[in-house]
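Let me begin by presenting the structure, written as structure tokens, before commenting on it.
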Amino acid sequence: MDPKNGSSFAGFILLGFSDRPQLERVLFVVLLIFYLLTLLGNTTIIALSCLDPHLQTPMYFFLSNLSFLDLCYTTSTVPQLLVHLRGTDKSISFAGCVAQLFISLWLGCTECILLGVMAFDRYAAVCRPLHYTVIMHPRLCALMASASWFTGFANSSLETVLIFLVPLCGKNKIEHFFCEVPPLLKLACVDTTVYESEILFFSMIFLFIPVALITFSYGRIVRAVLRIKSAAGQRKVFGTCGSHLTVVSLFYGTAIYAYLQPSNNHSRDQGKFISLFYTIVTPMVNPVIYTLRNKDVMGAMEKVFHRGSI
């Protein structure tokens, strides 16, 4: 093994926001509040989906998966960032960096596919209402969710291996607050064009398939909505589908910006703040989006709180 390769390092230094000490103090307070809200919101969604029989449907089964995924993703990066923001030691072990990259890629790819599956669920509910329970059978739902997690795992395994095959030649200072693909590739002491092309290829595959499914599903949903003569019926469809589309837009917008632009256009500061957005802001607002626009969830919350007050 090349002694200068990254795999021989004791660890890496995550520079994060260390060049802006004033910003670090503000970020610590803001991120701590956001993280606690993320834990509260997503845990609430999971708990309500388990406790209320009316929420034990395919839609809320997938939403619970999304909430659990967001909890894991945020927890894989934010607690460490909070520690680094308050201390002087900003190191991470080599194994820790590999694990962090692997988990973030795994959960990111899983969310891509899961959002596509959720779009298909909305298509079946709106366009095939009489056959919905047959199409979205619990066994099929479990299979689709499992396939999302397994595919994300397989893609992450492949991309993580590709990234850590890149020779780093003694470089160990990562210009970021966690181990992510673009800043890690910038440590390379060789031309990374081939590696970037390979990673881009796999990323495009795992983005294209869910996007195609989402486009197909919502194309059919729009056609079905236009045939609904009742304004109340249209509002009901837009209520449930609008929440999902909002989450899709937030997730895919930041993912495309972070991963599918050329590395030479990847601004250091922009990359950090975009990463902050999808590691903490998006997981925090997802439960809010689904809760505020969903009468079923609000009703379940009222039942639980009323039951607890008796």
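Backbone N, Cα and C define each Cβ position, glycine as well.
Where the annotation comes from TrEMBL, it is an automatic prediction and has not been curated.
Per TrEMBL, the features are:
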- 41-290: domain 'G-protein coupled receptors family 1 profile' (DOMAIN)
- 26-48: transmembrane segment (TRANSMEM)
- 60-78: transmembrane segment (TRANSMEM)
- 98-120: transmembrane segment (TRANSMEM)
- 140-166: transmembrane segment (TRANSMEM)
- 199-216: transmembrane segment (TRANSMEM)
- 237-260: transmembrane segment (TRANSMEM)
- 272-292: transmembrane segment (TRANSMEM)
Whether the transmembrane segment (272-292) meets the transmembrane segment (60-78): three or more C-beta pairs under 8 angstroms: yes
Tertiary contacts of the transmembrane segment (98-120), as residues 6+ beyond its ends and Cβ separation under 8 Å: 59, 62-63, 65-66, 69-70, 72-73, 76-77, 80, 92, 144-145, 147-149, 151-153, 155-157, 159-160, 163-164, 178-181, 184, 206-207, 209-214, 217-218, 244, 247-248, 251-252, 255
Outside the transmembrane segment (140-166), six or more residues from its ends: residues with CB under 8 Å to it: 6-7, 58, 61-62, 65, 98, 101-103, 105-114, 117, 120-121, 181, 184-185, 187-188, 190, 192, 195, 198-199, 202-203, 206
Confidence summary for the domain 'G-protein coupled receptors family 1 profile' (41-290), mean pLDDT rounded: 86
